[in-house]
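Attaching a single structure in C-alpha cells format; questions to follow.
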Number of protein chains: 2
Amino acid sequence: MAKEVTMAIVGATGAVGQEMMKVLAERDFKIDELICLADPREEGTQLKFKDEVITVQKVTEEAFRKADIALFAVGTEISKELAPIAVKNNCVVIDNSYAFRLEEGVPLVVPEVNAEDIKSHKGIIANPNCSTIIMTVAINPIHKEYGLKRVVVSTYQAVSGAGKAGIDELDEHIKAYMKGEEMKPSVFQYPIAFNLIPHIDVFVEHDYTREEMKMVWETRKIMHLLDLKIAATAVRVPVYRSHSESINLETYKPVTPEGVREVLSRAPGVIVQDNPQEKLYPMPLYTSHKDEVFVGRIRKDISTENGIAMWVVADQIRKGAATNAVQIAEIVVKDNLY
Amino acid sequence: MAKEVTMAIVGATGAVGQEMMKVLAERDFKIDELICLADPREEGTQLKFKDEVITVQKVTEEAFRKADIALFAVGTEISKELAPIAVKNNCVVIDNSYAFRLEEGVPLVVPEVNAEDIKSHKGIIANPNCSTIIMTVAINPIHKEYGLKRVVVSTYQAVSGAGKAGIDELDEHIKAYMKGEEMKPSVFQYPIAFNLIPHIDVFVEHDYTREEMKMVWETRKIMHLLDLKIAATAVRVPVYRSHSESINLETYKPVTPEGVREVLSRAPGVIVQDNPQEKLYPMPLYTSHKDEVFVGRIRKDISTENGIAMWVVADQIRKGAATNAVQIAEIVVKDNLY
C-alpha cells in the first residue's frame, strides 16, 4: 500500500488548483494532510475536499517544510519565486507554469509518454502546456509504431485556458452581444463571443506566439525528439472548455488509418471516437470533465505519401493540467521519489 | 458603357439570394430589370432593391426567356432541375450550388484566379464552394510566384454557411444553454453553441467529408492544377459569419514571409492584415459584410524547407458566394458572353 503523504496545493483557489483538488479526491489519492495555499488575500477561504473543509493559508516556508509534494497552479513569476523555497525545504514541486519547463535537468512529463523522466528530478517536475499534453498523448503512440517525421497542428482552444476569468469574459461577451451592447475585452485581445482570435500568449520568434512555440519546444523535450519538425497555429475559440486540435502528421514508415486506430485504441489515456457514418467523433462539449484524450476523424492525409489527419479533443483543465499533475504525483509517491 | 441586362435571381429570398441583391445594388450593376424568383410558397413576397420594391415570382420558363443572366442561389437538386430550363431559354446561369461544379465543360470560376475560363461557358458557370473561393484567392498569387506543391488546411466555418437556419440555430442554442435548457439540433448534427463539430456535409471517400473534398476537387479545377496535393479538415464553429482557415503550404521555389506579404499585398481581392506586434490579424467578427479575403499571421512554416503558414478569413456569404457570383456576372456582361 502506498504511503500517505502530506500534499500542498499552491494556488488552490484558482481554476486549475480547484480541479487538482477534485482530481485528488476522485482518484482517491492517499493524502495524510492537504494544505491549501494561496495569495494572502485568499487566506481563510474555506475549500471543500472530500468530507473535509480546508482553510486556505497564505504561502509560508513552514507549509513547504510540512509538505512532501506541492502541486503548483500559479503563474510563471510566482512559481519562479516560490518553487526554489519549496525545494530547499525538501518538498517536491510539480509545477504547472511555464517557469521551469525548458530548464535543463527539470523533467517535463506526460506520464503516458515519458513517466521514466520523473526519476531524474532534482526537486522540480514540470507539467507541460495544455495543448502540448493533449497532442503528445495522441501522437506518441503513433511515433512509437511509425516514426514521426513532421507534425502540422491547428488548435481550437477554449476560453478556460485563460482560467475562470476567461470563462467569465466569454459569458459577459455573449450577454453583451445578445443585448446589442459593446463587448469589452480584458482577458482576451478582442471580443471572443462569436469570434476567433489567432493570438494566444505573446509573439516570440518568427512571428509565432509562445503558445505555438510551446507546442514545438515542449513536445520535442517530452518525446525526446529534439529535431522533430512541428508547426503550430493556436487559435482561441468561443468554447468554454476542452481544447481541440486538427493534426496532420507525416511518418517515416508506411501508415494507415486502420493501423493508427488500432495503435491508439490500446494507447494509455486515449479514447478513439471514430465512426463517421455513426456521427461519432470528439467534440469539446462532450469531452469536458473527462481525463482522457479523445481522437477521431482518423484518415489518410491524402496530400502526402505517409500521412495521417486526425481530430483530437481533451479537457485542458483536466488532462491538460490538473490530471496530468496528479498523475505525476502518483508516480512520485509510488516510486518513492520524494 | 455596359449594356443593361435583365437579371434573374433564383432563390432570391434565401440568405445568399438576399446578399446577391445587396451586392448588385452596392456595385451598381446596370440592370434593366431584376426578376426575383423563389419557391411558389414565397410568391408575392416583397423584396427591396435600391429604391424599388420587387415582387417575388414563382419560377417559370417565361421568366428565364426574359432574363439574360440568372444567378442561382438554391440547393443542388433544384439547380439540376431548373438550370437546363434556363439555358434552353438562352439565359446564362451562374450557379451557386454543387450541381455542375465538377462537370466537364462547365467553368468553375473565381474571377481573381481564372476569369478567362468564363469565355468557354456553354450556358452554365459554376460558383465554387465558399471555403474554396476564400482559399484560392489567397493561395493563387503565392502559386504564381513560388509554385504550390502541397496545401494543408483546417477550417473554422461559420454557421451562416448553413444559411439563415444555421444562424437561427446558433441563436437558439446559445439562449437554451444560457437558460440551462437542452439544445436541440436540427440544422447541425449536434449542439453548436460553445461547441465545435468536425463534420460539414456528408462523408464521402477515405472518411473525408464532401466539404473537405470540395476544397480538394474544386481548388484543383479552378487553379488548373489537377495534381495539386491538398488535405482539408472542415470544422463548424460557433461564429455567425465569415469562415476562417489555417493554411500550411509548401512551395517548389524558396519562399519567405516577406515575399508572400509583398505578393499578397498587390493581389486582387486580398487585404493583408499582418502586424502581430500591433495585434493586427484577421478575425471573423471584423471581416463580415466585406468582399475581400483577409490574410494574416503570415510566417515561415518552420516544419518544412519551403513552407508558409497563414490565417485567412473572409465573409463566406459575400466573397464565398454572392460577391463571387456577381463578379462573374459582371464579366459575362462586360465581355458580352450572354
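Yeah, the Cβs are placed from backbone N, Cα and C, and that goes for glycine too.
Residues annotated as active site, acyl-thioester intermediate in TrEMBL: B:C130. Per TrEMBL, active site, proton acceptor is recorded for B:H243. Annotated NADP(+) binding site per TrEMBL: B:T13, B:G14, B:A15, B:V16, B:S160, B:G161, B:Q316, in sequence order. Per TrEMBL, phosphate binding site is recorded for B:R101. Residues or ranges marked as substrate binding site by TrEMBL: B:Q157, B:R236. Feature annotation from TrEMBL assigns domain 'Semialdehyde dehydrogenase NAD-binding' to B:6-121.
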Could you tell me the mean pLDDT the prediction assigns to the domain 'Semialdehyde dehydrogenase NAD-binding' (B:6-121)?
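PLDDT averaged over the stretch: 97.
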Quick one: of B:T13, B:C130, B:G161, which recorded positions lie within 10 angstroms of B:R236 (substrate binding site), measuring between C-alpha atoms? Sequence order, please.
B:G161
Could you round the CA separation between the residue listed as 'phosphate binding site' and B:A15 (NADP(+) binding site) to a whole angstrom and send it over?
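Roughly 20 Å, rounded to the nearest whole number.
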Relative to the Cβ of B:T13 (NADP(+) binding site), which residues of the same chain, six or more apart in sequence, are found under 8 Å away?
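Residues satisfying the criterion: B:C36, B:A38, B:D39, B:E42, B:T45, B:L47, B:V56.
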Count the other Cβ atoms sitting within 10 Å of the Cβ of B:Q316 (NADP(+) binding site), across every protein chain shown.
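A count of 27.
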In terms of DSSP three-state secondary structure, what is the assignment for B:Q157 (substrate binding site)?
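It is in a strand.
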Near the Cβ of B:R236 (substrate binding site), how many other Cβ atoms are there if near means within 10 Å?
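If we count other Cβ atoms within 10 Å of B:R236 (substrate binding site), we arrive at 27.
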Summarise the domain 'Semialdehyde dehydrogenase NAD-binding' (B:6-121) as counts of helix, strand and coil residues per DSSP.
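Per DSSP, the residues of the domain 'Semialdehyde dehydrogenase NAD-binding' (B:6-121) fall into 44 helix, 32 strand, 40 coil.
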Checking the contact step here: among the recorded positions B:A15, B:V16, B:H243, B:Q316, which have a Cα within 10 Å of the Cα of B:Q157 (substrate binding site)?
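Candidates kept after distance check: B:H243, B:Q316.
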